[in-house]
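Listed in TrEMBL:
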- 352-410: coiled coil (COILED)
- 198-480: domain 'ABC transmembrane type-1' (DOMAIN)
- 513-744: domain 'ABC transporter' (DOMAIN)
- 50-69: transmembrane segment (TRANSMEM)
- 81-100: transmembrane segment (TRANSMEM)
- 107-122: transmembrane segment (TRANSMEM)
- 142-160: transmembrane segment (TRANSMEM)
- 194-217: transmembrane segment (TRANSMEM)
- 237-264: transmembrane segment (TRANSMEM)
- 415-436: transmembrane segment (TRANSMEM)
Amino acid sequence: MKVKVKVKRVLQTLKLAVLCGGERYTDPIEPPAFSPPTEGKMTDVAASGFFVLVFDAVLGSSMWTGLLLLDCSSCGGLEGVWAFGAVKWVFLHVFTSVLTDGKPQPVLHRLVALLCLLPPVFESGRFLKASPSEPYSGPSPNLSMLLLGPMASSLACLIWEKGLSGNGKTKTDSVKLDTSGLLMRTLKYFKPDTLYLIAAFSFLILGVICDTFIPLYQGKVIDMLSGKVLEAGFGYALGELVLISLGSALFSGMRGGIFMCTLARLNKRLKHLLFHTLLKQEVQFFDDNNPGRLSSRLHSDVDRMGRTVALNANAVVRSTVKTFLMLVVMLRLSWELTVLTCIEMPLLAVVQNKYSTLYKELKEQIQDCQAQNADLASQTVSGIQTVRSFKAEKDEIRRYQEALKQMRVVKRRSGIYSSVFLLVRRLVSLGIKILMLFQARTLISSGKLSIGSLVSFFLYQKPMSVNLKEILYCYGETVATVGVISKVFSYLDRTPKCKEEGDLAPDNLQGRIVFQNVTFKYQEKLALKSVSMELQPGKMTALVGPSGSGKTTCVSLLKRLYEPQEGEILLDGKPLHLYKHKYFHQKVTLVSQNPVLFSGSLRYNIEYGLQDCGIEKVKETANNVNAHDFISEMENEYNTDVGEGGGRLAGGQKQCIAVIRALVRDPQVIILDEATSKLDVEAQHSVLKEIFARGRTVLVVAHQLKTVEQADHIIFLENGEVVEEGTHSELMAKKGRYYRLKEELFSQDSQ
Ligand SMILES: Nc1ncnc2c1ncn2[C@@H]1O[C@H](COP(=O)(O)OP(=O)(O)OP(=O)(O)O)[C@@H](O)[C@H]1O
């Protein structure tokens, strides 16, 4: 135990000396303050790696010194080399644990494994290649071999850390896990298409097998053309080539078709699920997320997510199988040229990995810009009347131009990165190609390679690098799409902040509404402060107050579009959330000043959300509010299309349709938010008469007292508080707070 502590302290002293860059440092217990923590961590790993390499060199030279002193020419043959590797692993492992206080980083594990494995693997290769005339004699103490192992191991670790396993600076294991977790989760959505996928992958593998053998047969045919093989076999080889080519075309076509079909099914499922989840969210969610962004998630992001995962899985499997088969054939043709081809791979992987990291960030930025642009354009187009009436076209164009400029900057950056990446990739490929041509000349002149085989090799080499590039590209593309996938899943996983649906649906509902100390905030903005009021059945209550006083908020809470943070709203003595949703929204209906109509027929809009409402009931209700006549005069009567947002109807007609839509539901509570302001006097009269029938509870929202003279009870709201209430005449007679506050309004009303 004491020895361990001593070793540790010595190591710490050495380590800190290195970390301090050779500066004088006396106290080994108190380490100097390292600057940024991540930098410190990386230096720590580098220092530990350095000590592992030194310790490995010490172990290696001790073994050779021991063998020389004991006068042993062999170190036990191949078994001895493997045994020494195992012993070395134990020593290095313990050393690394001590060095890192029992928490060695994964990179150190990899370094130790490589240092211990490389020499035995190399010696095993030598053993297998040894000819019977020169049998394997075991390793010899060679300085270059002693240096090569540690150098190759360090380089491999460096390439892995800096290039292949991420950007080498910030990527943590949890992020990696998250990426694979997200991809696995996306794959799970393919479950209903398992049969399709099995068929597609089977065709894919058959197609790949056929593809792989095409160049081999082409090479054979070329050798036959040059007269190196018997003429008789020519027709047979040509037949095989045609057959394989036909098979490749057929299987590839089937594979592509089935994949596209599966992708379409996945898209449909995901979009349906996302739309379903979105519609379940509370209204506040839609206040916080603008429609452009949500629609972009629903359309382009889901498409991209499915496409990336499905097509990339297809491409990766195809390219991997193809690469493996081609590698086998290429190794048989010439292992020297194959090694050169394979050198290209890690180099390209490093470049691609760097590019992928940058590309991922840029993709996310471009996506956000696109959503913002779409939102801006749709807002302007849908509000064109307002834009035109304020002559704000130039402002809107400028805003849109600025958004486009922002996107152009990001896209330009992406373009520059992509050209630099392409340049580096091409240069690497070119360098390797030149080396291969030199090697091919040597092989052909020594008779180890025929021209046909060289042609075959080159026919393999191009698709081989295309396959590798495809694998790397798919990897990059998948990494870039992880952001999109996680956003889509974040919406899919979102639990709506609504109370659970109740099961109350009484046949007889009186419609008595009570607000009990209701307080409500929009995010940080307080809109209602402890509001208490009562709406009586068979009576008309008016909610009056200046703009921003909280009238609409009261209505929204009563319609359960939001939930109060404090207090409760009761319907016939029961909290609203205890009622069944459908029942509740049929019994409590709202008609607003600017009702929203959907494109479709009048009948569709009136029956909206109702399953069992016949045309007779629609006609009867329309008749009751004197709307049947104007509807009958329309081109297709109740089947007349109202246009986008009801644009083909006049304001008063829209209000009339909204009133009918509310009344066909047989409501017990009706909320009129300046709902009849655009109707003529006669129409207003018939609408109000119908509304007040059947002892309904009526809540009317208004800005001015003079518009609600017929109300049984008036509640005056200001700054989210009830400041005054009573009948119209009581309020007019009162010289209370309301009149002091609103003298102007009062004098206007009393005129
Ligand atoms: N979606 C929202 N997000 C944040 N604040 C809001 C939201 N809707 C309303 N508010 C704020 O809540 C307060 C009350 O608004 P509310 O719409 O209820 O007033 P109102 O009396 O209906 O006004 P108006 O008569 O003009 O319609 C206002 O200060 C308003 O700015």
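Using N, Cα and C of the backbone, Cβ positions are placed for all residues, glycine too.
From a predicted model like this one, the values you see are computed outputs, not experimental measurements.
Remote same-chain partners of the transmembrane segment (415-436), defined as residues 6 or more beyond its termini with a Cβ less than 8 Å from a stretch Cβ, comprise 337, 340-341, 343-344, 347-348, 351-352, 355, 358-359, 362, 461, 465, 469.
Within its own chain, the transmembrane segment (237-264) has Cβ neighbours under 8 Å at 190, 193, 196-197, 199-201, 203-204, 206-207, 210-211, 213-214, 217-218, 220-221, 224, 306-307, 310-311, 314, 318, counting only residues six or more beyond its boundaries.
Within the chain, the transmembrane segment (107-122) has long-range Cβ neighbours (under 8 A, six or more residues past its boundaries) at 45, 48-49, 52-53, 56, 78, 81-82, 84-86, 88-89, 92-93, 96, 100, 139, 145, 149-150, 152-154, 156-157, 160-161.
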